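Q: Following this message is one structure expressed as structure tokens.
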Amino acid sequence: MLRFQRFASSYAQAQAVRKYPVGGIFHGYEVRRILPVPELRLTAVDLVHSQTGAEHLHIDRDDKNNVFSIAFKTNPPDSTGVPHILEHTTLCGSVKYPVRDPFFKMLNKSLANFMNAMTGPDYTFFPFSTTNPQDFANLRGVYLDSTLNPLLKQEDFDQEGWRLEHKNITDPESNIVFKGVVYNEMKGQISNANYYFWSKFQQSIYPSLNNSGGDPMKITDLRYGDLLDFHHKNYHPSNAKTFTYGNLPLVDTLKQLNEQFSGYGKRARKDKLLMPIDLKKDIDVKLLGQIDTMLPPEKQTKASMTWICGAPQDTYDTFLLKVLGNLLMDGHSSVMYQKLIESGIGLEFSVNSGVEPTTAVNLLTVGIQGVSDIEIFKDTVNNIFQNLLETEHPFDRKRIDAIIEQLELSKKDQKADFGLQLLYSILPGWTNKIDPFESLLFEDVLQRFRGDLETKGDTLFQDLIRKYIVHKPCFTFSIQGSEEFSKSLDDEEQTRLREKITALDEQDKKNIFKRGILLQEKQNEKEDLSCLPTLQIKDIPRAGDKYSIEQKNNTMSRITDTNGITYVRGKRLLNDIIPFELFPYLPLFAESLTNLGTTTESFSEIEDQIKLHTGGISTHVEVTSDPNTTEPRLIFGFDGWSLNSKTDHIFEFWSKILLETDFHKNSDKLKVLIRLLASSNTSSVADAGHAFARGYSAAHYRSSGAINETLNGIEQLQFINRLHSLLDNEETFQREVVDKLTELQKYIVDTNNMNFFITSDSDVQAKTVESQISKFMERLPHGSCLPNGPKTSDYPLIGSKCKHTLIKFPFQVHYTSQALLGVPYTHKDGSALQVMSNMLTFKHLHREVREKGGAYGGGASYSALAGIFSFYSYRDPQPLKSLETFKNSGRYILNDAKWGVTDLDEAKLTIFQQVDAPKSPKGEGVTYFMSGVTDDMKQARREQLLDVSLLDVHRVAEKYLLNKEGVSTVIGPGIEGKTVSPNWEVKEL
């Protein structure tokens, strides 16, 4: 156990210590302990509510982005998803706020930059963050009443959980089907092969924990009464852990908590510490799962090996295990990467790989996907661990030093959402009786580690391997992709549905029809929202933040508090330089620079040096749009950051990867990279299918959208898939891949049109970096590759005979988009289009697509820079109905919507949540550098947004939406008899 002997190192921390003396009583709360943490510039205060036993953790820090959360321990009793469905229904109305979904309604009555509710494996929590004190008080009140006093109506359970309902609600002769937001959400989740693997792994090794999100096969067993019982048992102050962070007075929160908890007593809880399987001998579990259509048949298996390694309550041992996991599996020089991935045994690490502290035990897992022979995989892993024990110095000391350096740097790197990240790191352990102060004692753990490393060296890790892994029982888990799996899920659902329907009598069926009609009527009701607290437009400052930037030649500098760190960004404008046929190779080129190696060094050697001396080096390619014209700006970017004293290393590494990356010598590494990219294609679509659909639709309108589709969309996935098919033909691979990347290197690496952005904490440091930039540019070619190529603005749009495309994926649900043409960033109509998109989302599409249609999410968005108006739906069981809703939105606004000034103001509040969201120091001024959007442009747009009227909304609805068909894209399974030519183009991947 680490000792909590700390001393305040600053005036602010000393003040906090005096403000909250140990033993002090504040509104029924007693201060139990206080902990200054100077290295994080914070003071932690641990309090307990005397009447109920509720625990509160306050993090006092000079940060205006304040955070509140209330969390409950919620062990799932089964896999019906009751914790998850309760999380949803809790936010569907409460005693004080008896409106449908006050949580969603508060999204446009607030300036919160984050609002959410989340279900963990054995806990549920409700966090938000905002910079506005009144907003903080408003949301805190809504969150507390929603969680402690929810209405939990039957119709909310039906809507958010699951229900039997006619496919066509108004037609009693139409088929009865399963509906429900969570039901469809989880159907979408199991379409993601990575999620399915992780979920089944957790259920196999930790069956007592059940599936808190819900297994669709089990969700339909949940009854309304079970939901009420689960809330009564778990959503009680005695089971609550509340959290605050920031610079607002703690006493205001304690006062409100005490008032909310006043009607409750102390309730004894005997939560059983849920344990995993009893791993006394080796266990091997094999299952079938989703096939990945982008991988060959022999690469359809995911497999992992897991060992139980002590308990997370031993925080130091857990820290050592995490370092060991990092040494084993993180980066190109890690032994598991070299022996498992580079060797070709697998394509990439599986989603469960690494060290995971669970409820009661730590799990260390080594897993890969795309494995052809599981026995070879197991033998290789076992041999690696055995060799690590038999080698005198198995780990390069530089790698360990690099890990320490990364930990130190991460502590100094200031993030805008620091409070939320702190909550996420503390809460899982805190709900399982791990002292939250232990999680904050970063420096103490690091000092102990340094000392042990000096005295014990590598035996520190060898002892862990000997204690927990070698000759210890192992849990092996694998899932083989099956072409029949998707059909088996459909068949199971139909069988389950038939069983439910068979059990119904005629009266039950009449009740189902009536209930569907009543639910729709409820959803259509105009509600009185006056009970909800709200901010006003006057709470939004008319003038936005401006960042002072100094420009000298090709370099911009921003001086701000960076905590001793310097961030450097470089970019080269590639317009009119690259031949169109090389555009698809650009993302692979950027990835290759930080994966392959040079003529003289492997990337594993380079990577270790990067981690030892910097916070990281990255390269990327992106396309933005000119704010005045929407013309494309194709950019190659390269970034790096380090301590002020080490910025010379950034330029050293940039020079190395830009000038010396050798595609020919490292072609084997290039093949590994292509395999890795191909293996993650399908899961990336399952995670963000609506974004892929939106991008594909937008690519029909502007060259910037078409380029973005080539670089980041479905077309890029197809391209990587094609390259993957060339790997076994060496001659073709050299010609079609290696030679093309080498050619790109000549086009890209040149100082022409190259610019830089420095973020640091002093003019002296900025001048030092400017000098380093000059020396760096002297090493690069100049003028060898000028804009003499095809005009980037002429890049071809996606040509299609019809305006509807189905892109087939083996999912259980769909993702949809419909796109229409908008205007450039500086055009005044852009602000009205953005406000209209928000009003459609909150006042129309949420009800139609989610509440009625059963999709997990849906709405409208406007990309101000790209000038594209988009509709979308996410995990949608009724994609064609959603598309019809999108198509009729213009008519709805002009004929049916009864929007008033309040609706307009709420839309503006929602928009400014992101416009005025806090930025980290490294993000200040970067929009101007990357996109050319000046402070004056942002201010003009800000004023336009604030001044948008209802007449403006109606005008742009008529001009840009009414009678406009748009371009539609659906991603997911085929829809029998509906998505056929000539009206639809169907793409098979």
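Glycine is treated like the rest: Cβ placed from N, Cα and C.
Here's the feature list from Swiss-Prot:
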type: TRANSIT; residues: 1-16; note: transit peptide
type: BINDING; residues: H84, H88, E185; note: Zn(2+) binding site
type: ACT_SITE; residues: E160; note: active site
type: MOD_RES; residues: S920; note: phosphoserine
type: BINDING; residues: G972, P973, G974, I975, E976, G977, K978, T979; note: ATP binding site
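Distances, neighbours, how buried they are, the whole picture for these features please.
A: For H88 (Zn(2+) binding site), the same-chain residues that are 6 or more apart in sequence and have a Cβ closer than 8 Å to its Cβ are A117, E160, G161, V181, V182.
DSSP classifies E160 (active site) as helix under the three-state reduction. Within 10 Å of the C-beta of E160 (active site) we count 26 further C-beta atoms, all protein chains included.
The secondary structure of S920 (phosphoserine), as reduced to three states from DSSP, is coil rather than helix or strand.
In the three-state DSSP classification, G977 (ATP binding site) falls within coil. Long-range C-beta contacts of G977 (ATP binding site), restricted to its own chain and to partners at least six residues apart, with a cutoff below 8 Å, are absent.
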Q: Quick check: which same-chain residues outside H84, H88, E185 lie with their CB within 8 A of the centre of the Zn(2+) site CB atoms?
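A: Sorted by sequence, the hits are G81, I85, E87, T119, E160, G161, V181, V182, M186, G213, G214.
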Q: CA-CA, which of the recorded positions H84, E185, S920 lies nearest G972 (ATP binding site)?
A: E185
Q: Which one is it: of the recorded positions H84, E185, S920, whose Cα lies the shortest distance from the Cα of T979 (ATP binding site)?
A: E185
Q: H84, K978: which of these binding-site residues has the highest Cβ count within 10 Å of its own Cβ?
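A: Its Cβ has the most other Cβ atoms within 10 Å: H84.
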Q: Round to the nearest Å and give the CA-to-CA distance linking E185 (Zn(2+) binding site) with K978 (ATP binding site).
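A: Approximately 23 Å lies between the Cα of E185 (Zn(2+) binding site) and that of K978 (ATP binding site).
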Q: How big is the Cα-to-Cα gap, in Å, between K978 (ATP binding site) and S920 (phosphoserine)?
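A: Spelling it out, the Cα of K978 (ATP binding site) and the Cα of S920 (phosphoserine) are 48 Å apart.
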Q: Given a separation of at least six residues and a C-beta threshold under 8 Å, show me what packs close to P973 (ATP binding site) in the same chain.
A: S486, K808, F809, P810, F811, Q812, H814
Q: Using the structure shown, find which entry in E185, E976 (the binding-site residues) has the sparsest Cβ neighbourhood within 10 Å.
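A: Checked E185, E976; of these binding-site residues, fewest Cβ neighbours within 10 Å: E976.
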Q: Determine, using Cα-Cα distances only, which of these recorded positions is closest to H84 (Zn(2+) binding site): S920, I975, E976.
A: I975
Q: What residue among the binding-site residues G972, G974 has the most other CB atoms lying within 10 A of its CB?
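A: Its Cβ has the most other Cβ atoms within 10 Å: G972.
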